[in-house]
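To start, the structure under review is shown below, and the notes come after it.
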Amino acid sequence: MKPHLKQWRQRMLFGIFVWGLLFLAIFIYFTNSNPAAPMPSSFSFLERRGLLPLQGKQRVIMGALQEPSLPRSLDASKVLLDSHPENPFHPWPGDPQKWDQAPNGFDNGDEFFTSQVGRKSQSAFYPEEDSYFFVADQPELYHHRQGALELPSPGETSWRSGPVQPKQKLLHPRRGSLPEEAYDSDMLSASMSRAFLYRLWKGAVSSKMLNPRLQKAMRYYMSFNKHGVRFRRRGRREATRTGPELLCEMRRRVRVRTLDGREAPFSGLGWRPLVPGVPLSQLHPRGLSSCAVVMSAGAILNSSLGEEIDSHDAVLRFNSAPTRGYEKDVGNKTTVRIINSQILANPSHHFIDSALYKDVILVAWDPAPYSANLNLWYKKPDYNLFTPYIQHRRKYPTQPFYILHPKFIWQLWDIIQENTREKIQPNPPSSGFIGILIMMSMCKEVHVYEYIPSVRQTELCHYHELYYDAACTLGAYHPLLYEKLLVQRLNTGTQADLHHKGKVVLPGFQTLRCPVTSPNNTHS
């Protein structure tokens, strides 16, 4: 009898041990998971204002952060302006004083990143040879556990649309709903601490300062290389160009180009008489005097910039960004509207009949292969913008409506990459950057609002949608961070306007006085 009793006790102890392990595993799983975080789609990295998610449709942005945004009260804004990087809200690793001592905010090569990251990494730098190629293999999928990302396979969803999800799941929890310990140093340093914003204003930030989730998403797109980017460096990198030097280089190279119906396959499809007779670049041959580019960032709310915006000769807006109900902050005038291809392709946006897209100059775009192969693009666009374009042109033949040529879009990408010391995402620039360059080609002076965020910076993606995500400001699919750093170098406006209004002032290309020949003029 005793042996049986002993065996029974052993089995009971073993069962208790197994149940204990199971309970521990379940406890660890639920404590490490983040059920409040939205599941990301395969793109959805819409920039904060350029490729707008449209009204009534929510998206998930990969690399989304679940941190609270900066306080938007006047007192908080004043504190931000009065603060000094040597006494930041949450200091970055390394000595902040080095930023002020080094020219252009940089020390030298590897040391700059080493001091910020705490370890040496060469992955962000160009190789020594004159060209490099992005990897084009299938990347490893990340999982949405313990703060990581789960990225669907490239064929599952488009680069600009994610699954529609209940709105409440897309919103950040408010500060009052989270325990105090949730606001730890990881959250504050994630994307837009006071120190980070200060350095963004100075142009002294890098991707190594982004939170790990955005960095992971950026690495994903680096390895995926959907558009087949094969960048060849033609001359030395010019990340240290001065603002005037960079402006002259851009003036020499940037030529706004749209489909004119002369190239195959469009020439064989009868597009020549369909497109506007006057090219976009010649609509205002004498140039507009003063123009505004109004980003759709949530930070523009409570800005009272509407009257100033409407005072410009021309105003550019993006996608479905409305003015009705927001006139005090964004104004009412719209001259040009840049729209992504989803607006044309998705019937829910009522592109043909909506008043939002009437009585304005329309400029549409869709990502094409880096090779700018028009035949391949026509057969497989991200969204079929060609059919609705034809329908719109036939119904409203007098309205100026253009489709940007892929070569123009990728030319802008080349300029960003050549003037950036890091490898940037091999994806098209944001609509915001495209719009800025178009207006610099058409206007004598361009005022850009809330592209580089002001003290009102918030993770609210767009002023007309209750949707929060840090990736809207710093990007992950688009090379937004690098675009902003480049525009910061071009800014001729005041620091006060940048801080309080989020306003950057850029000269139009036609007003520049550049040397006839330049020693750096090595690009074709």
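Even glycines carry a Cβ here, placed using N, Cα and C.
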From the disulfide entries in Swiss-Prot, identify which of CYS248, CYS443 pairs with CYS291.
CYS443
Rounded Cα-Cα span from ASN332 (N-linked glycosylation site) to CYS291 (disulfide bond), Å:
14
Disulfide-bonded residues compared (CYS443, CYS514) - highest count of Cβ atoms within 10 Å:
CYS443
Where does CYS514 (disulfide bond) sit by DSSP, helix, strand or coil?
coil
Distance [Cα-Cα, Å, rounded] between CYS461 (disulfide bond) and ASN302 (N-linked glycosylation site):
15
Determine, using Cα-Cα distances only, which of these recorded positions is closest to CYS248 (disulfide bond): ASN332, CYS443, CYS472.
CYS443
DSSP on CYS443 (disulfide bond), three-state: which is it?
strand
